[in-house]
Amino acid sequence: MAALAQAAVPRTSGLANVSTVAPTSRSAAPQRVGFSSNGLCGNVEALTAKKSAGFRVRDSAVVAQTVSTEPAVKEAKVSKKNEHGLVTNVYKPKTPYEGICLTNGKIVGDDAPGETFHMVFSTEGKIPYREGQSVGVVPPGVDEKGKPHKLRLYSIASSAPGDFGDYKTVSLCVKRLVYTNDKGEEVKGVCSNFLCDLKAGDKVNLTGPVGKEMLMPTDEKATVIMLATGTGIAPFRGFLWRMFFEKHDDYKFQGLAWLFLGVPTSSSLLYREEFEKMQQDYPDNFRLDFAVSREQTNAKGERMYIQTRMADYAEELWQMLQKDNTFVYMCGLKGMEKGIDDIMVSLAARDGIDWVEYKKTLKKGEQWNVEVY
């Protein structure tokens, strides 16, 4: 259980044009801290050294085996993620939870390409989610066929206690979808525009929570590499609040969290103030790298995307990826995974490792986690 303290105030720093309503009475909250607004060889010695340093040892490198005549007993898989006691699908599309919008505000500059909002909804503790899960939103009205709109899933942008610290709210990070179709007509995304236009006091139908792919690792000393583009930052905000803005009796992060965030302009950097505060207060445990594609270039003059920024640290990242307590999480646009594969192929090949097969091993071990769109 989280350590108890006086309920925290909502974190709305950096939000413009915030619509807000006072939350209902809350239970005691977890204490918030630090933010006030705010080819392995067959050589036995080499193999032993790799193991002692925590590196993953491939089966092909094993130099000796013990043959047993005892029948193999299949052990139950124990997840490396925070799955114990996980609750899912408490609310479904036909029986949604009716939440109330408490706050809603734009979190990008006026010159940013597009509008992105951070919004907080009341749940009264009836949607008990974990960091990395998602909730569904059922927009009102009907589609062009006269049928009720289908739900849209959104990654949760808050830690389990929520922005108020009372376990009674859920936050989302939503970009307004507006585009021009082949006929030259302006099209507005049904759900994103519904959400971005919400005012304090408005009601919204929520479903869930759902998802296990993006749950945090239980290892407090893990290396957690987070790769996000735009609103793909949502689950990682929850991760980082749990790691650095809260105190829990059963969890104290002592590892390394490394966030790569890719956006088109500096005015599009989401939650920048929060992340820079964490970096300032926990320099040994949190690394932060931005990739601003329209403003930054690398030494070759190439635009700075996530994979471009990661290429600057390719050797270091490859060394991390060979350790059993390194976890990679990727959320956002599909294209970035291929870019990262391109970086790792040659580095892995240098050590006699097939990156494609190695990545499968990482996925099987819950160390490579992807949620892209």
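Even glycines carry a Cβ here, placed using N, Cα and C.
Taken verbatim from TrEMBL:
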type: DOMAIN; residues: 94-216; note: domain 'FAD-binding FR-type'
type: BINDING; residues: Ser155, Lys175, Thr231, Val263, Pro264, Ser293, Arg294, Gly332, Leu333, Glu371; note: NADP(+) binding site
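In this structure, of the binding-site residues Ser155, Thr231, the smallest number of CB atoms within 10 A of the CB marks Thr231.
The Cβ of Pro264 (NADP(+) binding site) lies under 8 Å from the Cβ of Ala112, Pro113, Val292, Ser293, Arg294, each on the same chain and at least six residues away in sequence.
Here Leu333 (NADP(+) binding site) comes close to Thr229, Gly230, Gly232, Val372, Tyr373: these same-chain residues lie at least six apart in sequence, with C-beta atoms under 8 angstroms from its C-beta.
Summarising the NADP(+) site geometry, the residues cited as binding it (Ser155, Lys175, Thr231, Val263, Pro264, Ser293, Arg294, Gly332, Leu333, Glu371) extend over a maximum Cα to Cα distance of 26 Å.
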